[in-house]
Amino acid sequence: MGIFRFISISLAAVSAANAGHILSMGHAKTIPNSYIVVMKDGTTKEDFTHHQSWVQSIHTHNVTRRGLLDNAGVRHKYGFGSMMGYAGLFDEDTIKDISDDPKVMFVEPDTTITIHGELTQNDVPSWGLARISSQRPGTEDYTYDSSAGEGITVYSVDTGVDIHHEDFEGRASWGTNMIEDGYDKDGNGHGTHTAGTMVGKTFGIAKKAKVVAVKVLDNNGSGPTSGIIAGINWCAQHASQNGGTDKAVINMSLGGGSSSALNRAAAQAVQKGMFLAVAAGNDNQDARTSSPASEDTVCTVGASAENDERSSFSNWGPAVDLFAPGSNIVSTRPGGGSQSMSGTSMASPHVAGLGAYIMALEGISGSAVCDRLKQLGTSSVTNPGPGTRTNILINNGDAKNGGKKPSQPSQPPKPSQPSKPQQPSEPQEPSEPQEPAPGQPAPAPAPVPQHPHTPFPNDDFNFDDFWKKYFGTDHWRKTFGRFWN
């Protein structure tokens, strides 16, 4: 073998070893000829631009030669955090060439993502709001701080939102449409419902937060993974230009088969400082089989019923971080009025809304919110499911602190029934003072909790300072926080 031939073969072997690969999507519903391409970490913008030009060139050549795939090519480009990539329609020859490029980390077939909720019935009383500000099920009042999420923006990555619904009070706006159907409205109802739970005046948790509609699912409640990633990318860029990613929340009441690309995109948004609440899924199976629920850095939410049991449909397992009300949840519907839906899709916006509420109240970053909600929650959920490491049901902290902070009573709406004012709590009898023993000083008074959301004896103790001092970075805490429960 000649030396030049040997060198040529060796270089080819090195190139193949460093090239990306096409991932298998298992049982996920793939979209024919549609692919997501993720570049390797460290790829420069210049390299990315050259790669895209090269892809367009070989794609045009292959399509012209074979006469395939009209209107194909790159459809979405991703560039936020350390993630660079794109998605589009490509023939087999082109995608093989792309996967062989050493700059490519992996190529993933595009799949269909769907909503995690279903319509059950109209006009039934909602209970979720009252449950998250009470220690016990069956209460009727929702107690919350008057800050109510003010200054926080929540991105509804869903089927769209009826931004003109009166319950949003002008705080809803249209962001973008990744479906490209020319229909910038919610033709399904799912997105409007989840948005109402997050920020609605009547049905919402963060009643003063803003919501931005990011349409990634069609009127049937489904859409491509590539469009979901593009939606996350858009949210991160929009937030960075409008108030900052540290004051932004993304709710994703959707999911599909396991996707490395989608999980990677979600992780990049968290790294940017955003809080991501994600539905665990409605298949009564391990949530690790679904994306983006299987991504470690997001806050994955299971659903609970009115008796605090895990909802029968809710996914479970180590990926689940928290539970929230998800059965028979009443919220807004397109065109006005309300409707009831069930699903982890309904649980996730409770967490997204509460995340916005806590971010506004305490000024914490998005990456710290999931752990904070674990601290505030109650260990209430029965039958959390096999391998689930938590039984925590979310709580806004009011019940734990006797409602001592500035708060507003409210009752979840009931059709044709006026709101019920909050009943004042019974005053407690003061305990009899104890006489000190002879020769002993009088005991000091017990410390009184001042901050309604701090589960420690007094406000002088700062958990974040303590953690950083003795255990290192927020990254360490975020990575291993899910094992505290």
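Heads up, the Cβ atoms here are built off N, Cα and C, so glycines get one too.
Taken straight from Swiss-Prot:
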type     : residues : note
ACT_SITE : D158     : active site, charge relay system
ACT_SITE : H190     : active site, charge relay system
ACT_SITE : S345     : active site, charge relay system
COMPBIAS : 377-394  : compositional bias 'Polar residues'
DOMAIN   : 34-116   : domain 'Inhibitor I9'
DOMAIN   : 126-400  : domain 'Peptidase S8'
SIGNAL   : 1-19     : signal peptide
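Location within the structure of each feature annotated in Swiss-Prot.
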residue	record	DSSP class
D158	active site, charge relay system	strand
H190	active site, charge relay system	helix
S345	active site, charge relay system	helix
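Geometry remark: S345 (active site, charge relay system) versus D158 (active site, charge relay system), CA distance 10 Å. In this structure, the C-alpha atom of D158 (active site, charge relay system) lies 7 angstrom from that of H190 (active site, charge relay system). The domain 'Inhibitor I9' (34-116): residue composition by secondary structure is 30 helix, 33 strand, 20 coil, according to DSSP. For H190 (active site, charge relay system), the Cβ neighbour count at a 10 Å cut-off comes to 31, with all displayed protein chains included. A mean pLDDT of 80 is what the model gives for the domain 'Inhibitor I9' (34-116).
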